[in-house]
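What TrEMBL says about this protein:
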type   : residues : note
DOMAIN : 67-102   : domain 'EF-hand'
DOMAIN : 104-139  : domain 'EF-hand'
DOMAIN : 148-183  : domain 'EF-hand'
Amino acid sequence: MGCFCSKDVRCKPGYEDPIVLASETPFTVNEVEALYDLFKKISSSIIDDGLIHKEEFQLALFNNSSKHNLFADRVFDIFDIKRNGVIESGEFVRSLSVFHPNAPEADKISFLFRVYDLRQTGCIEREELKEMVMALLSENVLSLSDDVVESIVEKTMMEADTKKDGKIDEEEWREFVKKNPAVIKIMTLSNLKCVLNFILFPAKLFYDLIFSFSVTDISLEIVNMHFK
């Protein structure tokens with residue numbers, strides 16, 4: 001497998017050929033190379049080792065390497081496909097591909113399910129749903145009373161937990177999304193079509209891609225569903 005660094009630069013572990021990545025994702029070769037430029041900026045922001053560490057991920061999102069956020073932590077963990085505590089360039093591109101307009105809807109549904117499955121048990125439990133709702137509302141500076149949050153969680157569980165076993169499995173999640181298509185709409189980011197622009201403003205666009213869609217659209221959609 002090749003690498004996509006220049007002849008004058010020694011390849012670092014985890015780099016993959018952009019042609020291979022383009023064949024496995026909806027991205028073109030040029031888009032993969034543009035994503036690689038973004039990856040290089042992020043992965044060298046603290047430790048220049050060709051890998052994105054969690055602190056660098058947080059720095060790219062919040063301009064603060066020590067800020068912790070539940071949603072950002074989950075996204076990092078999902079991007080870390082090898083589960084070795086860092087994100088390699090191939091993992092970065094493959095994980096971002098789920099937000100592409102041409103990515104399969106099933107992949108988008110699965111990704112969002114994994115975000116909410118905080119404890120990685122294969123189902124979304126009531127407490128996990130509540131934790132994520134509270135985290136998203138807090139980050140979006142939406143202040144709701146405990147009673148309203150409880151009501152939102154309860155309404156969501158009642159609708160999604162069709163087996164009435166106190167948790168939402170993947171099958172129930174898929175059915176829930178079918179009934180509430182706006183939930184999955186947020187998983188398609190149209191500005192990925194302009195991926196080459198990442199080179200110009202990497203930090204801002206990375207934040208827009210990975211974080212702002214979640215705290216605004218997911219949290220508001222949950223609230224809107226409650227008050228329908």
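From the backbone N, Cα and C atoms, a Cβ is placed for every residue, glycine too.
TrEMBL annotations: computationally assigned, not manually curated.
The residues of the domain 'EF-hand' (104-139), classed with DSSP into helix (H, G, I), strand (E, B) and coil, number 26 helix, 3 strand, 7 coil. The average pLDDT computed over the domain 'EF-hand' (148-183) stands at 91. Sequence-remote contacts of a segment are chain residues at least 6 beyond its ends whose Cβ falls under 8 Å from one of its Cβ atoms, and for the domain 'EF-hand' (104-139) they are 69-71, 74-75, 78, 98, 149-150, 152-153, 156-157, 160, 166-170, 173-174, 177, 183-184, 187-188, 214-215, 218-219, 222-223. Look at the domain 'EF-hand' (148-183): DSSP puts its residues at 25 helix, 3 strand, 8 coil.
Using DSSP to sort the residues of the domain 'EF-hand' (67-102) gives these counts of helix, strand and coil: 21 helix, 2 strand, 13 coil.
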